[in-house]
Amino acid sequence: MIDMEVGIVGGGLAGLVAAISLVEKGVDVSIIGPKSKDSNSYLAQAGIAFPLVEGDSIRIHVLDTIRAGKYINDEEVVWNVISKSTEAYSFLVSHGVTFTGNELEGGHSHPRVFTIKSETGKHVIPILEKHARELGVNFVRGFVEEIGIKNGKLAGVFLNGELLKFDAVVVATGGFSGLYRFTAGVKENIGLLIGDLALKGVPLRDMEFVQFHPTGFIGRRTYLITEAVRGAGAKLVTGDGERFVNELETRDVVARAIYLKMLEGKGVFLDARGIEDFKDRFPYVYSVLKKEGIDPGKDLIPVTPVAHYTMGGISVDIFYRTRIRGLYAIGEAASNGFHGANRLASNSLLECVVSGLEVARTILREEPKRGANDAPYNFDELGDVDSIREIMWNHAGIVRDKSSLLEGLKKLEGVEADQRLKVVAKAVLTLALEREESRGSHYRRDFPFMRKEFERPSFFHLNV
């Protein structure tokens, strides 16, 4: 046994991989958070991008990633993550994951997205959670209210007002797409701990880059129609049958094209009637649509863009370290330049596995010790989250401009909500206002082109 206690906040793919990797080396590990089924990883349909098919290569996958990220990716990070794809694949397979096929998705040069019946997360997460339990990972169910930090030193995490002390804490809570009115992800993913750390002096990175999935379906709740459906040949059309975009363009391009058609008052539909084996290839999507009274073999599927993934988050280095010793962030909660201005489809789960493996190595190498024995507790009420969601959707959405962003910032001041949620929203609005160009998922109608002077990452840092 290694004399070190590690707390991982969040039990999605990144958190589970980190926990398994650490406990296998004799570290005392606890995962604190809701059930793993309540994570965006569990909802992931399409799969995981691995450059392992014939004709593909790490270099080609790197180039696809940087092209999608509109050239502000950290190239060292991109190479680091994708060069570890074989290790990531081997980790999953050795722990019982069996992929059933591979698909082509938008922005990819090859069909490198490895999937399990197009409901990948639903299969991978239970397998890894079972392994984690068998290995002795301690699962603590609950809602972590804040990270315990005193004078810049880590003490642990607060759960129901009680400080749980750890030598190292890994934030693996996911992103903040739940701060938007329409999202197909977990509504509870509102970026609370991202804002918490910002208020405690930890920089945030690239917060203006929010990816909107082009093909959300709003029924009894909001669902995603996986990108792989378009990869299999489905077409995007208006109500009168007009095709208006290359369906396999990157998500930012497709989402914006759909949104602009909707602004013209036109409905947009996915025509999947030409996919003969739809039910077998996409069983989850098929079952959802049938319950909503839509037969994808006969009917057009109404779609709309929805907030899906946040490229920004807690600023970390290539080893997933924050500026506070012993505090790390991985997966969607973290941002180190892997995705740039726009995430390439199915790169997120690859990042989850690689960041989980990498942060475990970092912790084992550094062997951090708890820096403080107590910390102030400030959590109160979340407050009016829905008003923030409306502001984000209306003022920091798919199409932005100066006047709308300024109006959003002004409205935000009057919202009575947790300051940590407000600072997440403020970071998005502020960095979107400062970035006077359009790049990737960030589109300014008043600055509709990329500009060389903005070919760099963005940082949001409060002086505390």
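Note: Cβ is positioned from N, Cα and C throughout, glycine not excepted.
The active site, proton donor/acceptor annotation in Swiss-Prot covers Arg251. According to DSSP, Arg251 (active site, proton donor/acceptor) is assigned to a helical segment.
Taken from Swiss-Prot, the feature FAD binding site applies to 11-14, 40-47, Glu332, 348-349. Look at Leu13 (FAD binding site): DSSP puts it in a helix. In the structure as shown, the Cβ atom of Leu13 (FAD binding site) sits within 10 Å of 34 other Cβ atoms.
Annotated site 'Important in orienting the L-aspartate substrate' per Swiss-Prot: Glu105, in sequence order, evidence recorded as similarity to another entry. Taking the Cβ of Glu105 (site 'Important in orienting the L-aspartate substrate') as reference, residues of its chain lying under 8 Å away and at least six apart in sequence are, in sequence order, Ala46, Ala49, Val113, Glu227, Ala228, Arg230, Gly231, Leu248, Ala345, Ser346. A coil conformation is recorded for Glu105 (site 'Important in orienting the L-aspartate substrate') in the three-state DSSP classification, outside any helix or strand.
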Using a Cβ-Cβ cut-off under 8 angstroms and a sequence gap of six or more, which residues of the chain neighbour Leu349 (FAD binding site)? Leu13, Ser41, Ala44, Gly47, Ile48, Ala49, Thr120, Gly121
When a 10 Å sphere is centred on the Cβ of Asn40 (FAD binding site), how many other Cβ atoms does it contain? 25
For Tyr42 (FAD binding site), which DSSP three-state class applies? helix
Looking at the binding-site residues Gly11, Asn40, Tyr42, which has the shortest Cα distance to Arg251 (active site, proton donor/acceptor)? Asn40
